[in-house]
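Trainee: The following block contains the structure, expressed as structure tokens.
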């Protein structure tokens with residue numbers, strides 16, 4: 001019997017090992033090394049992982065880029081609801097990584113977690129794309145499919161987020177630290193590349209391609225879904241090359257259990273007779289090892305600094321919601337290119353790629369040479385201030401846009417325009433209202449009105465009596481109106497006299513930056529109008545007015561029209577951004593039917609280029625805040641707590657999105673006031689964070705880990721001292 005047999009147990013720390021050389025195992029037992037890239041130390045398997053990450057990030061950011069406008073224009077939600085659901089989805093995407101990490105570390109392992117949740121991810125994209133097909137059901141079906149698809153996408157993208165990067169790091173040998181570091185650089189470059197390309201391409205698929213007579217959201221969601229399917233296939237192709245480490249337990253769970261036990265144990269022993277302990281986490285010493293408790297202590301110091309951080313993310317995350325909605329109300333023609341409103345988001349990943357080396361190689365060294373000690377916490381505070389300035393700029397731009405936009409009718413008010421389609425001028429007067437004229441002068445035939453006129457009501461709905469003076473005739477007409485509405489009073493010939501008709505314009509006459517047209521047909525025949533691929537409408541005879549239809553901007557020199565017995569073309573001219581047009585089809589010349597053009601809403605005058613300063617400021621703030629914050633956190637925490645820090649960092653982003661959701665849904669503020677509120681709140685939070693940072697004492701590297709001597713287990717007194725240089729332990 002082996003004399004050491006009885007000492008082999010779970011309590012044994014050392015076992016005697018021969019000092020002689022151990023013969024190597026036979027070649028058949030040696031594990032074949034994984035294939036490398038061109039003879040280097042880089043495993044071939046990381047190629048599949050990097051390509052997978054590029055396709056997945058293209059899928060996520062591409063889908064997310066067009067999401068707000070999908071809510072607004074396809075599901076016809078208002079701006080506040082669209083913003084709220086957008087940020088609810090974003091928040092869920094940053095809460096689910098906790099679940100993904102727990103599944104990977106405690107149950108399935110990283111490889112299986114990525115595979116299974118990627119299938120959920122692809123299924124979510126399929127359902128989301130089906131929800132964007134106009135021919136598939138009604139509004140309720142589209143809403144259910146969209147929310148169901150987004151929930152699955154949030155589970156998929158959040159679940160694999162903490163696994164993919166770490167799984168790539170597992171492929172390297174411990175002796176190849178330099179190669180692993182370069183791999184992570186390439187990995188994060190693939191993230192930015194996927195984001196950069198997708199946020200430029202998918203808005204083009206949405207706006208420049210027409211399907212079913214409107215913007216092609218199904219294609220804009222379908223292409224990212226296809227990229228996610230490619231990501232899954234590529235990742236599965238490398239299955240046999242991967243080094244798959246088994247689940248080792250989730251450190252986040254251990255930390256939560258340790259904190260909970262310390263709190264509950266302290267509560268149970270709150271009697272004054274029990275001696276106090278130096279730190280509240282010391283109450284976990286009865287169950288958890290000292291090293292874990294010390295690591296959690298270091299962790300809680302950093303998590304305390306995380307408390308103000310969500311407010312920064314609340315501002316940064318609005319680039320895809322409020323800033324995109326602002327872009328819809330601006331002139332997107334830059335001369336050399338016409339941008340979609342959701343394409344402005346491409347500035348963020350583009351500027352990130354520019355600013356990171358610029359700050360590291362130029363700005364930070366210059367500041368250091370000026371004698372300014374710009375510590376990590378100070379950089380984060382400056383990043384907050386830059387985000388405050390960005391939202392101050394956003395508020396100023398919003399006020400400029402509001403000044404150019406047509407006013408909205410208030411309580412007991414209506415907006416009215418008069419269109420004189422008779423052959424001579426007409427004087428219009430409101431009877432019983434001090435005989436005030438809508439215009440000081442008579443309205444000439446086919447005169448273009450400069451703007452809508454505001455009329456005040458005595459109640460929420462009222463009958464207006466109009467006096468029309470035409471030649472030597474006086475005509476009295478009566479029309480009912482309701483408050484907060486837009487109306488067009490159309491005057492037309494009626495034999496030797498004139499008559500009028502009141503047309504209620506759409507509930508929201510503002511076009512949200514889109515080009516809208518409607519037609520009034522004065523002919524005695526129904527007219528069918530073809531405005532392009534899958535865009536056609538019919539206007540009945542004798543002064544029927546069509547509803548507004550959104551169209552692409554550009555020149556329309558020959559729009560094909562037809563009646564029962566005739567085909568003709570209408571020259572609509574240039575249709576500009578954010579303009580609502582009325583075209584009156586008439587046949588008053590010998591050249592056949594033609595269109596008289598007038599603007600219900602004038603074109604946008606504020607260029608989308610005015611959003612550039614706010615993107616520059618907020619991206620500079622992101623580089624100083626986000627990159628520096630992660631670097632500082634990692635330098636101040638034990639290595640065993642880095643995954644917990646990553647989870648906490650993602651949670652702060654999720655909480656920031658929840659803040660935006662709450663404000664958008666319940667604040668009911670004017671938009672520029674909301675932007676100002678966020679700027680002031682972050683400024684206040686920055687002040688609090690600066691005070692917290694002032695009293696924070698950074699830990700030195702040697703203070704983070706216990707000395708090696710403290711890590712050696714205590715040996716019983718009867719254990720002999722061991723010479724480590726001659727004995728293998």
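Backbone N, Cα and C atoms are what each Cβ position is placed from, and that goes for glycine too.
Annotation comment: TrEMBL describes 1-28 as region 'Disordered'. According to TrEMBL, the transmembrane segment annotation covers 58-78, 84-104, 116-137, 143-164, 185-205, 217-237, 346-367, 379-397, 644-664, 676-697.
How buried are the listed features, and what sits near them?
Mentor: Within its own chain, the transmembrane segment (116-137) has Cβ neighbours under 8 Å at 56, 59, 63, 70, 74, 100, 103, 108, 143-146, 148-157, 159-160, 212, 214, 217-218, 220-222, 224-225, 228-229, 231-232, 235, counting only residues six or more beyond its boundaries.
Using a Cβ-Cβ cut-off under 8 Å and counting only residues 6 or more beyond its ends in the same chain, the transmembrane segment (143-164) has close neighbours at 49, 52-53, 56, 60, 63, 70, 75, 85, 89, 92-97, 99-101, 103-104, 110, 113-114, 117-118, 120-132, 136-137, 643, 646-647, 650.
Residues 48-49, 51-56, 58-60, 62-63, 66, 70, 74, 114-115, 118-119, 121-122, 125-126, 128-130, 132-133, 198, 201-203, 205-206, 209, 211 of the same chain sit 6 or more residues outside the transmembrane segment (217-237) yet have a Cβ under 8 Å from a Cβ within it.
Sequence-distant contacts of the transmembrane segment (346-367) (same chain, six or more residues past either end, CB-CB distance under 8 Å): 61, 192, 195-196, 199-200, 319, 374, 612, 615-616, 618-620, 622-624, 627.
Counting residues 6+ beyond its ends, the transmembrane segment (379-397) has Cβ neighbours under 8 Å at 312, 315-316, 322-323, 326, 606, 610-611, 613-615, 617-618, 620-626, 628-629, 632, 672-673, 675-676, 678-680, 682-683, 685-686, 689-690, 693 in the same chain.
Nonlocal intrachain contacts for the transmembrane segment (644-664), taken as residues 6+ away from its ends with a CB within less than 8 angstroms of a stretch CB, comprise 80, 83-84, 87-88, 90-95, 97-98, 101, 161-162, 251-252, 255, 299, 302-303, 306, 309-318, 321-322, 629-630, 633-634, 637, 674, 677-678.
Using a Cβ-Cβ cut-off under 8 Å and counting only residues 6 or more beyond its ends in the same chain, the transmembrane segment (676-697) has close neighbours at 301, 304-305, 308-309, 311-312, 314-315, 318, 377-378, 380-381, 384-385, 387-389, 391-392, 395, 663, 667, 669.
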Trainee: Mind checking which residues of the chain, 6+ beyond the ends of the transmembrane segment (185-205), have their Cβ under 8 Å from one of its Cβ atoms?
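Mentor: Non-local partners: 49-51, 53-59, 61-63, 65-66, 165, 168, 216, 219-220, 223-224, 227, 340-343, 345-346, 348-350, 352-353.
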Trainee: In the same chain, which residue numbers or ranges, 6 or more beyond the ends of the transmembrane segment (58-78), come under 8 angstroms Cβ to Cβ?
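Mentor: For the transmembrane segment (58-78), the far contacts come to 85-86, 89-90, 121, 125, 128, 132, 139, 142-143, 146, 153, 157, 194-195, 197-199, 201-203, 206, 214-215, 217, 220-221, 223-225, 227-228, 231, 320-321, 324-325, 328, 341-343, 345, 349, 512, 514, 550.
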